[in-house]
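Engineer: Pasting a structure below so you can have a look.
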Amino acid sequence: MKKTKITCIEAGTSFLSFHLLPQVVTDMDRGDRIIACYSNLLLSVSIGFLLFSVVSSQIPLGSKLTVEENNYWFSSNKDYAIGFLNFSDQYSFGVRFNAIYIPSSEQAAIWTAGWNVKVSSKAYFELSLTGEMILGSLTSYYSLHMNVSGEMQLRWETSIIYWTVGGPKSAVRAILGSDGILQLLDQQSQAVWSVYGEDHNDSDVKFRFLRLDSDGNLRIYSWENNAASWRTVWQAIINQCDVFATCATNGICTLNASNSYVCWCPFRSTRDSNSECLIPYKPSCESGSSMILHEHMYLYGIYPPNNTVVQTNLQQCRSLCQKDPSCHASSFINNGTPQCHMMNSRYVGGQSYPSLGSVTFIKTCSDPIAVLPPPVPAPRKVSQKICVACLLEVAAASIVVFVMLQFSIGVYLFRRRKHMMQKSALPHRVPNATGCIVFSYSEIKDLTDNFKQQIGQNVFKGLFPDNRLVAVKDLNASIDERRFRAAVLKIGSIYHKNLLRLDGYCCESGRRLLVYELAKYGSVDKCLEEPRMCKRLTWRKRMDICLSVARAISYLHTGCREFISHGNLKCENVVLDDELEAKVSEFGLRTIQAEASSSGGLAETDVRDFGKVMVVLITGCQNADEACYWSYEKWVKAEKEMAMDQRIVVGADSEELERALRIAFWCLQGDERMRPSMGEVIKVLEGTLTVDPPPPPFAHNQQWPPDEESPSESYSALGGVHAICTSTNFT
């Protein structure tokens with residue numbers, strides 16, 4: 001009996017890939033069936049482990065799976081099954097987990113034949129006697145591609161690319177490793193791009209998979225034994241509204257209070273019972289058209305998925321669409337270049353939320369409304385006498401009212417025109433763009449009210465038109481324009497929950513400014529100085545801050561496309577948001593202010609600076625160098641409790657305090673080769689990695705003259721630096 005072979009290998013219990021051997025030819029008839037022809041003699045669904053034995057199940061030619069029979073083909077160890085998967089009484093063909101210790105309700109799909117492709121209850125999958133694999137009914141909107149340049153892309157209907165990643169070299173394959181790292185590899189199997197799941201390198205995770213979900217987002221899932229459920233540990237697109245046609249023709253994508261997306265229709269008539277959200281304009285309008293303005297909204301055509309783009313201003317964008325009978329709507333954006341996107345179809349999608357700067361005009365028909373004519377008043381007799389004085393009084397009053405009315409209208413129009421000109425000139429964020437907003441220097445002055453409120457060294461408070469607060473940092477340095485723009489675009493493309501987001505920049509006439517999101521409570525050093533805020537910085541919160549900073553620096557070192565050093569990590573550059581979550585600011589400025597030739601030594605410098613931040617948070621002493629020497633002296637004398645900030649009401653667990661001090665002193669080692677990586681620091685702070693007692697951290701690079709006192713001796717002579725720090729903190 002002839003058989004054909006398929007091999008499915010799971011690398012190290014978490015990577016899944018499909019290898020069709022020896023040659024695969026795929027013929028897809030849209031809406032009909034998919035046929036895969038193979039030339040080998042054995043069909044084998046093989047699921048195994050890298051460096052371990054590979055198990056397989058042989059499927060004879062002529063075998064058949066159907067929805068009605070609900071039958072599956074299993075791997076020999078029963079951990080995986082292939083067949084028709086039930087999604088709320090809708091069926092797709094694919095592979096799912098089948099391990100006995102994963103509940104049946106949580107046996108997630110690993111792969112399907114075109115995600116979100118549904119088949120009828122009569123569908124079947126057959127391995128024919130001629131070696132063909134046949135499946136009925138296929139259509140799909142979203143797909144994952146590897147293009148000829150070696151970039152991985154997410155597409156909508158194969159033509160619209162809404163997410164792209166790649167490296168400096170061309171990749172030939174993608175792999176999700178057993179360590180939870182998704183990579184693009186070149187022909188030499190070297191990583192050219194990589195991204196890390198939240199639980200990467202967690203040895204307790206036994207199963208992971210990568211899936212393109214029905215909402216068009218690519219995600220990595222991990223199985224959590226304790227919770228007995230699948231957890232999302234990474235997704236390609238953070239804001240779901242940035243996925244093309246998320247709401248299809250059902251409305252505009254927006255974010256609710258919980259930051260989840262919802263679809264709503266801002267221009268559906270109350271008399272319209274149609275479930276689709278279509279623009280209420282028809283080219284056959286007999287009475288002309290009007291344009292309705294929607295702020296903070298961006299639209300794009302879905303059918304067809306293309307727009308006419310014109311470089312013009314806000315008012316012209318409105319006028320051009322209104323004069324064009326085929327135009328249904330237009331969206332104006334300004335990302336350094338003002339653009340008008342005009343749509344020639346009722347079928348549109350888009351997004352809308354307060355931080356989005358785009359302005360959209362929706363065209364509607366100005367159909368007349370029939371009204372009854374007013375009743376004709378009955379004639380009445382009027383006295384023929386004329387009161388001249390009355391006429392003069394009425395005329396004078398009318399003139400005064402007219403002049404005042406004209407003056408008020410003039411002032412209103414002037415202010416509105418000035419406001420609209422400023423608003424149209426302000427940059428508008430382009431959806432799906434990876435870069436930053438480009439500001440002119442005059443716009444920066446408008447945002448900051450001419451640099452009125454200074455909140456830090458060369459840092460000023462600003463306000464966007466949507467009332468969102470920002471911080472504007474003046475670099476006050478002469479930096480080459482090309483290098484500055486390249487560095488800013490690199491920094492602006494970095495997203496992590498513990499890194500302060502860069503919203504935009506100014507590069508004009510020698511001025512170099514950066515625009516960041518504004519954290520509500522400011523920097524950690526100021527919070528330590530302010531008594532009310534310091535009281536909120538409990539021991540647990542301080543350790544959470546240390547862990548958040550460690551994760552942020554680790555992401556800069558290993559989570560980005562290329563290594564990025566912070567270069568100036570200190571408590572002044574760690575800020576707290578409205579939930580007291582820590583965010584690291586001013587990262588990557590080394591790439592702007594000075595060229596860094598390699599990552600050598602820069603990572604170790606960040607580790608040392610992180611150690612100082614930890615010591616400041618533990619001791620409460622703002623002088624980092626003094627606090628490091630003094631706290632180490634207390635630790636050596638087994639007086640570690642004396643090193644902790646006495647303003648902390650509820651003390652730390654002795655074991656946790658010991659662990660925190662040990663890892664801080666390892667980070668401060670004078671010999672940078674002895675310092676740990678930030679990944680190791682995270683594991684120690686999480687309690688998943690033990691840490692040995694460190695050697696003296698300052699012996700390698702600090703030699704004190706014999707006629708001078710060492711810092712520790714001078715501190716002891718002063719009665720202890722801790723007394724100095726705490727007394728300062730309480731004043």
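The backbone N, Cα and C atoms fix where each Cβ goes, glycine too.
OK, TrEMBL features for this one:
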DOMAIN    237-276  domain 'EGF-like'
DOMAIN    285-365  domain 'Apple'
DOMAIN    441-689  domain 'Protein kinase'
REGION    692-715  region 'Disordered'
TRANSMEM  35-55  transmembrane segment
TRANSMEM  394-414  transmembrane segment
Engineer: What average pLDDT is reported by the model for the domain 'Apple' (285-365)?
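Structural biologist: Summarising the domain 'Apple' (285-365) by its mean pLDDT gives 88.
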Engineer: Cβ under 8 Å, sequence separation of at least 6 from the ends of the domain 'EGF-like' (237-276): give me the contacting residues as numbers and ranges.
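Structural biologist: Contacts of the domain 'EGF-like' (237-276) (Cβ under 8 Å, skipping residues fewer than 6 from its ends): 141, 154, 156, 160, 162-163, 215-218, 292, 294, 297, 299-300, 302-303, 305, 347, 349-353, 362, 364, 431-432, 495.
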Engineer: When secondary structure is assigned with DSSP, how many helix, strand and coil residues does the domain 'EGF-like' (237-276) contain?
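Structural biologist: Its residues fall into 3 helix, 8 strand, 29 coil.
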